[in-house]
Amino acid sequence: MAPRAPPRRRPAPAAGGGGESARVLLALAALYGALSLLAYRVIHMRHVAPLGADAPPGDFSEGRVLRHLHRLAVDIPGRQVRVRSPSPRCCPLVARHGGTDFICFAAVLQEGSPGLEAAAQYIKGELEGLAARAGPEYRIEVEETLVSGSFSMVFLRHRVTLGYRNHKNIVMRISSNVSEDDDPSLLVNGHFDSPLGSPGAADCGSCVASMLELSRLIIDSGWVPPRPVIFLFNGAEELFLLGSHGFIKTHTWNSTIGAFINIEASGSGGTDLVCQSGPGSWPSRVYAQTAKYPMANSVAQDMFGIIPGDTDYRIFAEDITNIPGLDIIFVLGGYFYHTSYDTLENLLPGSIQARGENLFHLVKAFTNSMLSKENEISNKGAKDGIEDSRPVFFDYLTWFMVFYSRDVSLILHSLPIAIFLLVPLFLKFPNITLMTWSVTLLDLIRGMLLHAFGVILAIFIPAGAAALRLLFTKNAMNWFAHPILAFFMFVPASLIGLLLPRIAWGLSEQTHFWGAFGLYSVITMAYVLAGLSGGFLTFFISISMLLGRLISIIIKRKWNQRSPKSLVAYVVPMIPCLLYCLYYGGFLIQFLIEKMGMMGSLPKPYGYFVPDIIVGAALGLVVGWCFGPLAPVASRWLSKTSILQGLLQVTVVALAISSQLFPYSTGAPKRVVLQHTYVTDANDIVDSNYGFSVVDANSLEFLFNNAPEAAKWLKDNSELSFEEKYHSDRSSWVALYPVPFLFSGSLKFQAQTDEIRKHYHKFPQLLVQKTWSNNGHRRVHLNLSLGSLSEIWTAVLNVTGPLSNWSFADNMLPAPQPVSGGPPSYICRLSGKSDVDWSFWLEANSSESLRIDVAVLDQYLVDSTKNLKSLFPSWADLTAFTTFFSTYNL
C-alpha cells in the first residue's frame, strides 16, 4: 500500500472580524501619523529655537545672521556677475571643420554688478570691523583678492573648458598671535554671488551671513583657535566654481590648508545635510563626535552624483587637491532654489541657528584635531583614513550620530545574514539534521521571496496608478504643490501590494516573519559587497525585528497570539526603528518631490509620465521599509479583502482629487526659461526671436494654456504654434551650456529686431588679429569685443572643425562634446572683470575652416520682453535674458 500523502498545509484563519481589523488599521495609522508628525518637525528644524539679534555675544544668533542677510539679499540689488564697463570685452567662439565641430563656450564678464561689488565691500567692511576690535591675543588678516586661471572640467556630465580673470574673493585668516604663517589651517568656504535672476537669500547669502556671524563669535567668545581659521568668501561659484579654483591655485595661503568645510544651499533650509565627506573617514568622524545637531548620512555621498549640480567641494577634495573636508548643504525648500522666490521670507526658521551652532563646534573640533594630528596632515590633505574611504554614519533625528568604520561594517552588517542561516537550527531544535535544516531554510527562503514580491508590488502598484491617472488627466505632477497629496495617492496603493502575498499564498506568520528578516539581511549584505554605505537602514530594520520578535515571544503566554495585544508587544520595541524609517523616508520623498521641478523635461510621449512614476515608485520603496517590518505580524489582521478594498477606495479618491488640483503655486513655482536672441552679423541684426523652455514634465503647451495673457501677446506679435517646425534645438541655447541638456520641446517665436538699438549701438564681434601657417597647420589669433553691452553674465564659444590646440587651459585640448546631435565641439567659458579685450588663439591641423559660434548672454531686457515676462502668472518663475549670437568661419 502506498504511503498516505501528508495533509496539505492550510493557512491559519485570519484573526478577528472586520471590526477588529479596522481598529488595528486605525491604531497603526494613528501611530504612524504621530511618528510622521515628529519626523516632519525634525526635518524642518521646528525643534531648534532660533536666537534673536539681542542674544548674548557668546552665542551664535540666527537673528544677527538675518540682519546680515537682509543687507545682502534685500538692500543690495542682485549679486550676479555682469559687465558694467564700456570698454570692449572678449566672448566665446565656435569653430567648424568639415564634419567635425568643436564647441568652445566662453563666458565673458567684466566687472561685477553693483550688487555683487556692494556685497563684497559689505563683507570686507564687516571683517575689518572685527579685526579692529579683536584683542591682542588674535592675529587677523583681511584681504581682497582678484583671481584668474583656466582649466577643464566635467560639469553636469558634459565637458567644458573655463578661462577666467579678475574674479573677486574676500579672505580672512583668524589665528593666535603666536601662530606661524605655515601652520596647517582650516578653511571655511561659501560664495556670495547669486544665480541668474535670483536674489540668492539661501543660495548662498545664508552661507556668507552665517560665516560673518561665525567669525564674530570666534572673537567675541574669547576662543583663540589653536590653528588658523581661513574664511573664504568667494565671488564666482555660480560660474562653475571659479572663485574656489582661483583661491586654491593662486593664493599664498593655499599650501597651508589642512582641512575644509564647504557650506552651500540647494534649498531654503531644513536639514543641513553632510552630502559629501572625505577623502578618508577623518572629516566625518570629527563631525560625528562634535556636531550639536548632527545631520549626516553616508548614503548621501553614494547618491550625490545623480543630482544635477555640483559644489566647491570637488575643487578642494577631488579635482585640484585632495584636502579632507565636508560638504554641508541646505537641501529642503528646493522649490525656491535658483528662482526669484529665493527670498528672506522663504527661509525655514531654525535652520540657520542649527547650522551656526554646528559650525562653531566643528571649527573648534577640526582645529584641535589638526593640532593633535599635525604629523599626519600634509599640505595636500590628511593622510589619516584615506584607505578607509567608506565609513558608515547616520544621524538619528539630529539627536545623536552613529558612526563606524568600513571594517566594522563588514562584520556588523554580516550578522543578520548569519542569523538568518542559523534560524532553522533554532526552529527545529532539538531535532536538528541536515535534512530538517535544509527543508526549513527553503521554507524561509520561500517566505523571503514572497515578501520581496510584496515589496516589488508595493513599488509597482503606485507607479502603475500614477501612469494610469495620466491617461485620464492633462496635467502631470499634481502633487508638486501639494506633497501631502502624494502620500494619500500612493501609500494606500503600496500597502495593497505589500499585503497581497499573504492573501494569495497563505503564508504562516513564522515563515513570513523570517522571510522578511532574510530579505532585509540580504539587502544589508548586498550593500557591503557593493562597497556602498547604505546598508545601515536595513541592518537597523533587521535588528529591530529580532528585538520585537524576542519580546513578543517572552510575553506571548500572557496574551493570546491572536489578540491585537500581541501585535502591540511586537510594535512597541520597534518604534525607534519605525521613527527613523519615517524620518529618513520622509526626508527622501520631500527632497525628491521638490527636485522634480528641475530635473529636466523629457521627450514626448513617455517623458510626461516619468516624474509621477518616479515619485510613486519611491513612495512604494519607502513603504517597503517603513511598514514592511510590521507586515508579517500585522498581516494577520490586515490581509483581508475588506481592508484592501478600503485602501483601494482611498487611492481612487486621492487620485481623483489630485486630478482637480493645479500642480504649481507661488510656494512651488514652475521654472520657465525665456531667451530673447538677436542673431547678428558684424553690427547688423539678422534675426530676432523668443525662445521658451521648461525643466519639468509639463510642457510649454501646458504653460501657454494656463497663461492666456502671455499666449495672447505672442499671438498678436508672432505666431503661437506647437508644431515641430517651431521647435528649437539645443544649439540655440548654447549660452547656457550645459544646462540645455535638461531641455526638450523648446519653442521659438519671432520678435522685434530694432528695439535693442535704443540701448546698445555696438554688438559683440570676433576679430582676427593675425594668422600663422606652417606645413598645413594654422594658428589664428583672435580678439573678442563685447561692443557696448553692459550687463553680460556669460558668453560661450562653440568651436567646430579641425581644432588641434588652443591657448586655453594651459594649451591642453580636452575631449570634444556633441551638442544637439551634431558634430563634436569644444566648449570654453571665459569670464571675469577686465579692461581690455580677450585675446586668444586657435590652431587647426588642416586648411579646412573653423566655425565659431559666439553666444553672449546679457541680462538687459528690452521693454517688449519685460512686458511679455510680466504677463505670466505668479506660479511661473521666469528666468529671462538676452543672447547675442553670431557665427564666424575662419
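Backbone N, Cα and C atoms are what each Cβ position is placed from, and that goes for glycine too.
Features of the protein shown, as given by TrEMBL:
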type: TRANSMEM; residues: 21-40; note: transmembrane segment
type: DOMAIN; residues: 169-362; note: domain 'Peptidase M28'
type: TRANSMEM; residues: 410-427; note: transmembrane segment
type: TRANSMEM; residues: 448-468; note: transmembrane segment
type: TRANSMEM; residues: 480-500; note: transmembrane segment
type: TRANSMEM; residues: 512-530; note: transmembrane segment
type: TRANSMEM; residues: 536-555; note: transmembrane segment
type: TRANSMEM; residues: 567-593; note: transmembrane segment
type: TRANSMEM; residues: 613-631; note: transmembrane segment
type: TRANSMEM; residues: 643-662; note: transmembrane segment
type: DOMAIN; residues: 668-888; note: domain 'Endoplasmic reticulum metallopeptidase 1-like C-terminal'
*Does the transmembrane segment (480-500) reach the transmembrane segment (613-631), going by 3 or more CB pairs under 8 Å (6 or more apart in sequence)?*
yes
_So if I exclude everything within five residues of the ends of the transmembrane segment (21-40), which remaining residues of that chain have a CB under 8 angstroms from its CBs? That is, six or more out._
14, 46, 397, 564, 567, 571, 575, 578-579, 582-583, 586-587, 626-627, 630, 634, 637-638, 640, 642-643, 646
*For the transmembrane segment (536-555), which partner among 448-468, 567-593, 613-631, 643-662 gives the most CB pairs under 8 Å?*
567-593
*Which whole number is the mean pLDDT over the domain 'Endoplasmic reticulum metallopeptidase 1-like C-terminal' (668-888)?*
90
*May I ask for the residues of the chain that lie six or more residues beyond the transmembrane segment (512-530) and have a Cβ under 8 Å from a Cβ within it?*
409-410, 413-414, 416-417, 419-420, 423, 444-452, 455, 502, 538-539, 541-542, 545-546, 549, 625, 628-629, 631-633, 635
